[in-house]
Amino acid sequence: MESGSDDFLPPPECPVFEPTWAEFRDPLDYITKIRPIAEKSGICKIRPPADWQPPFAVEVDNFRFTPRIQRLNELEAQTRVKLNYLDQIAKFWEIQGSSLKIPNVERRILDLYSLSKIVMEEGGYEAICKDRRWARVAQRLNYPAGKNIGSLLRSHYERIIYPYEMFQSGANLVQCNTYPFDNEEKDKEYKPHGIPLRQSVQPSTFSSYSRRAKRLQPDPEPTEEDIEKNPELKKLQIYGAGPKMMGLGLMAKDKTLRKKDKEGVLCPRAVLMKEEPREDERVMSSLPREDLSHSVEPCTKMTMQLRTHSSAQFIDLYVCRICSRGDEDDKLLLCDGCDDTYHIFCLIPPLPEIPRGVWRCPKCIMAECKRPPEAFGFEQATQEYTLQSFGEMADSFKADYFSMPVHMVPTELVEKEFWRLVSSIEEDVTVEYGADIHSKEFGSGFPVSSSQRILSPEEEEYATSGWNLNVMPVLDQSVLCHINADISGMKVPWLYVGMVFSAFCWHIEDHWSYSINYLHWGEPKTWYGVPSLAAEQLEEVMKRLTPELFDSQPDLLHQLVTLMNPNTLMSHGVPVVRTNQCAGEFVITFPRAYHSGFNQGYNFAEAVNFCTADWLPAGRQCIEHYRRLRRYCVFSHEELICKMAAFPEKLDLNLAVAVHKEMFIMVQEERRLRKALLEKGITEAEREAFELLPDDERQCIKCKTTCFLSALACYDCPDGLVCLSHINDLCKCSSSRQYLRYRYTLDELPAMLHKLKIRAESFDTWANKVRVALEVEDGRKRSFEELRALESEARERRFPNSELLQRLRNCMHEAEACVSQVLGLVSGQEARIQTSPLTLTELRVLLEQMSSLPCAMHQIEDVKEVLEQVEAYQIEAREALASLCPSVGLMRSLLEKGQQLGVDVPEAHQLQQQVEQARWLDDVKKALAPSAQRGSLVIMQGLLVTGTKIASSPCVDKARAELQELLTIAERWEEKAHFCLEARQKHPPATLEAIIREAENIPVHLPNIQALKDALAKAQAWIADVDEIQNGDHYPCLDDLECLVAVGRDLPVSLEELRQLELQVLTAHSWREKASRMFLKKNSCYTLLEVLCPCAHAGSDSSKRRRWIEKELRLYRSCTDTELLGLSAQDLRDPGSVIVAFKEGEQKEKEGILQLRRTNSAKPSPLASSTTASSATSICVCGKVPAGVGTLQCDLCQDWFHGQCVSVPHILSSSRPSPTSSPLLAWWEWDTKFLCPLCMRSRRPRLETILALLVALQRLPVRLPEGEALQCLTERAIVWQGRARQALASKDVTTLLGQLAELRHQLQAETRLQEPYHSTPACAPLREGSGRDMPKQVPGLLPNVDSTSSHEKIASVQGSDLEVLSSLLSQLSGPVLDLPEATRVPLEELMLEGDLLEVTLDENHRIWQLLQAGQPPDLERICTLLELEKPEHKGSRTRGRALEKRRRRQQQEVDLGMKSKNLVQEELQSKKARNSGNKSEEGQEEEEFEEERDSENIFLTCSVDHSSVLKVNPNSVRQNDSGITASFPSLTPLLHQPYPQQDIL
């Protein structure tokens, strides 16, 4: 019975060796060393040193191979026997017209082979039925008892197996008259049997060579219709394994069998049978049963003609071939194979009725079943693979089979599954194996030295390594190096590309040689090995368990196609070991060691054979084994021995000894065989150079052995020859016609043997000389040169590494060591410094060693002389040590004398101790002397450490204690100083001064105390700097204070002034932050100082634009204070210089902007259709040329921009602040003023807010560049405001303002009259005569529209979207004022200067309205602004409600009297209208509003009015400081000047 997968028990592990680098250098020597251990297991594994990693040298892209196909369950011997049995019994029933259906018993298919075998072992069918032992049969088949399974097995046996067994025994052929029939039928297919599969695996495309694939193809006359309609037959349409790796598919009854047989129809011998029927019966019955199938002969043409011409007689001869009667013709049955007839009741067993379909007679069935099976072998796949494609296929197969990643499948699981699959007849798993790939053709995995490619140094190292499989077979110690031919697989490595389950079957190597396998990479390879001592036992077990296979193929184990479960072998006493070979490991198999295995997954291995000296006896035995099996040899063993014997000096000594032994045996055998030849009477002979003949021309025709020393040939039969062991099998010719062909005469062979003996015995001669020299047997010591000559002879003649050679080398090494020590003694002191001196004991041992060496050494006298000097020195030193007060000088002189001896004398140590004590005491006195320079703490600690190492004495102990006490005190003060330097809580200077003062009394240099001194000095210097800067003429600059704060924080001293400075710096930073929030936009690319100072590059358009783009991209470095004002760092500290520089910057800014306006005005308008890009064309901030609709022109620099790239004003932001706002048709009040981001760099807060910042600035005792720039900006704004108010107060301008006010009031009145219409929906029709009560239309305002329609539109605009406002654009006209040239030009200049200010002033807006009213409305700009405002208009309704609520709260605050806050809110409203731009998201506008509220709070929290700003005490500001009243005398009157009465807003 086959064992389950869980029953597999892994055999024990084989030996594993891990050589050192020294052992790894010589591979064959190491293998010889481990052979006694490893040979007992048959195989072993070797792990090279970790850093031995040869590169993979195969050209992966060009490597292509065709693998073999392996069907796993056809590999195992016992499984193959079962499959063969199923094939035969399936064919038996199919021949009779029945289909085999294997039954299921207890939910598993019935093992018919095991059932048949057990029944046979139990005595046969009749005996079992008689004794009623079917229950025992069921028990042996592992079926449970008590279920009446025995009766079921009996019925299956009777129905399926028993008829087949009867045919096999020939019981039904007792009285059958058989006739010759054609033995060469075309139908040699294995017939189907029904074996259910666990996995339905269709044969792959490469199996078209097999019969399994052929069965998938349609037959000439298919019967598929019956199979498809019959569910039972459909279930049996499955595939199993056969003896030639060919599955058998279940088929319906084959109606074409008769037709197929008719093609080679057998002609019954009708005439002969009629005349002598009984004689033919006797002839056939006299033949052996097993020869029945071979006794028939095919019909000849004459027989066919005879049958044709006597067709009438042939019909009359339809008689039963058993009873020879023709009656009861309705019971006669015609054979479809041979056309013989039988009564159905004459057959054994008799048939109840005429069977339907094809029927064959018993002799045809016997002939078909007795046909011998074809030899089993592997097929080649049809698909060619590369390494990559094969690896992808292999990994995919393994991952799909185990349903997990390939690297996660345990090796134990793969091993159990492999042995389950090969033992299963139910599952048919097919894999591919790239085996026996020639490295000569495809390239080796190891680097190989060749002229095709130059190797790197690393590759060259591995190319010459003995472990390179291309090098190992041809090493000097290897036998195969003496074979000239490149034997593939033996001398030339083979490559193996494996996948999971791909296997190599049980086998031994050719000629029983060694083999070595190296796994280059990939998943492990599992090996099983059997030692050579159990090789015959393994063969016997396999033959005993599967005799059916070995009967037809006696050399089955030599074909590498058969496996057997290691557990089965072990259960029969065969010792088996296993191992998993991982990447980078070697596996070695020993001579005649059977081995097999399989691959765990995708991998790449390389293998080759090699033969050492110990293999020669096994090689000779292998030739005898091959001779018995009549197997061909790979090479001639005799030729190999003779070739090595011809050049004995080139042989390794161990190899020479082994060859001599083999040569001696071979010569003795040759003498015996040639003597037998002479006794037979063969005397003719001729010399033949067998090595020049092809192997197939010198093979023995009997045993297939390759001849070399001699062979027997015949003059009359020149085509063949035999070896001398088969001289009787050559031919039948007379002995006189036979002659001997020989290679060497019997006299030449002993001469070759003698040369080998000399080479083999040369070691004995040399060994005798060495033994005499080492043991001084003749009483004479050899010189060192003589011993060296003996060692050189062993090395040159390659003697083995024996114990005697090792003794010789050890003796030479000892002599060399003694000579080296003697040279150290007698040489100068400089040479002795390199080595440690000898002790007195070692000197005496050296003298004794030199005397005992078997080598004569003349240096022994020098050693004796040194020993005498040492003994005399000992006496003198003892006398000096014994005196009471030895002088230091005497002891030092004796010490130097002892050092010159080169010997370590014990008295010298005592002298050394006393000298060291005196030297150490002297060093301590010098270090602690008052006049000496203070030593460092490290020096004192070093003295203490040195004192602990010297020998103890009263003086030394006292000095050591004093030094220890001093160090303890010093370390305590060092710790205090360290605590002061590192502690988080800093100490005041007075504390530090006290610590330093006390530490001055310690006579040691203390590093931490010195650091504390330095820190205190720095602190005092810092205090002086603070006093100096605080008492100067001006307030200190913020940069100076920050530097002082940074320095003060790093000092380990508590400084009271530091807290004051930190507070001042913090206050200054807070003021700067508030100013930045007030002026700078969100995410502005400008600094506060850049915004407050005049634009230095206002006149350069390209420079200005480039810098702006760089700042937007965060590539621009902000200008420093000195760059902005053009002043040095020293001038910045002078307020007067800052004011002058600011004034100059104003003038440059104005001149630059005028130049820029002229330049930009000359550029073509983007709105013109003919505008083309040129050097004079405007460039937007996005870097592109603005063109077409959606472009805006800056009112300051006159340059053009895309409306989507810049922030644009909201046209109705100031026109409709409330329901009582000015009407829509007052277009001159619309906020259409556009300043580009290059001109409007900040938020431009209102002047009142800035004044609050200035008040906070006066309270700071710190000077900031931004503060002085803000003062200059404020003065500039106030000066401009005064000029603007003066211009607005002139008579002409006042008149114009009155006209605008009148127009505005008129439009407001009209709007109030339309208020009843506000509640009317925009889509409702207007009442008739609704315009009767309306005031008269203002002339020139809407000339083409009547009042009714205009009022309707005005009312609808107030409650609708901007589309209504867009519809009014065509009705606008102007100008509404007549603005004279004399009035307009001054206003435009003021407008220009006001736009340059980064401050919001109401006068600026009034001047803008006057200039707008004095010119026609800019419809193109208005259209552009409306178009840009539309996308965000819907989303702004909700935001408008929230902002309106805030404005109402602000209005309530105004009503309570908070005028300053009201001004700020108005400023925010106007600024909101101008600077809202393209921000369409509600969050952005609300954030901006909150930031502006923060700016307002700065002003509100100050709680000051204008009068408080004017009442600054000049005495509180230092002389020439940057105060408001000191620097800006014009500030006071301008702040209190009232606004004009004509307030348009």
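For all residues, glycine too, the Cβ spot is worked out from N, Cα and C.
Database features, via Swiss-Prot:
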- 14-55: domain 'JmjN' (DOMAIN)
- 79-169: domain 'ARID' (DOMAIN)
- 185-228: region 'Disordered' (REGION)
- Y433, S515, N517, K525: 2-oxoglutarate binding site (BINDING)
- 461-627: domain 'JmjC' (DOMAIN)
- H507, E509, H595: Fe cation binding site (BINDING)
- 1433-1496: region 'Disordered' (REGION)
- 1483-1494: compositional bias 'Acidic residues' (COMPBIAS)
Averaged pLDDT, computed only over the residues in the domain 'ARID' (79-169): 86
Binding-site residues compared (S515, N517) - the one with the fewest other Cβ atoms within 10 Å: S515
E509 (Fe cation binding site): nearby binding-site residues from Y433, N517, K525, Cα cut-off 10 Å: none
Other CB atoms, at most 10 A from the CB of K525 (2-oxoglutarate binding site): 25
Nonlocal residues around H595 (Fe cation binding site), in sequence order (Cβ under 8 Å, 6 or more apart): G42, I43, W506, H507, I508, W527, Y528, G529, V530, T589
Secondary-structure category, per DSSP, in which E509 (Fe cation binding site) falls: coil
Residues close to Fe cation site centre defined by H507, E509, H595, Cβ within 8 Å: W506, I508, S515, L560, T589, A593, Y594, S596
Listed in sequence order, residues with CB under 8 A of Y433 (2-oxoglutarate binding site) and six or more positions away: P67, R68, Q70, Y496, V497, G498, M499, S502, A503, F504, N599
Other CB atoms within 10 A, centred on H507 (Fe cation binding site): 17
Cβ neighbour count within 10 Å of E509 (Fe cation binding site): 23
Secondary structure composition of the domain 'JmjN' (14-55) [DSSP: H/G/I, E/B, coil]: 16 helix, 6 strand, 20 coil
For 2-oxoglutarate, whose listed binding residues are Y433, S515, N517, K525, the greatest C-alpha pairwise distance in Å: 20
Helix-strand-coil residue split for the domain 'ARID' (79-169), DSSP-based: 62 helix, 4 strand, 25 coil
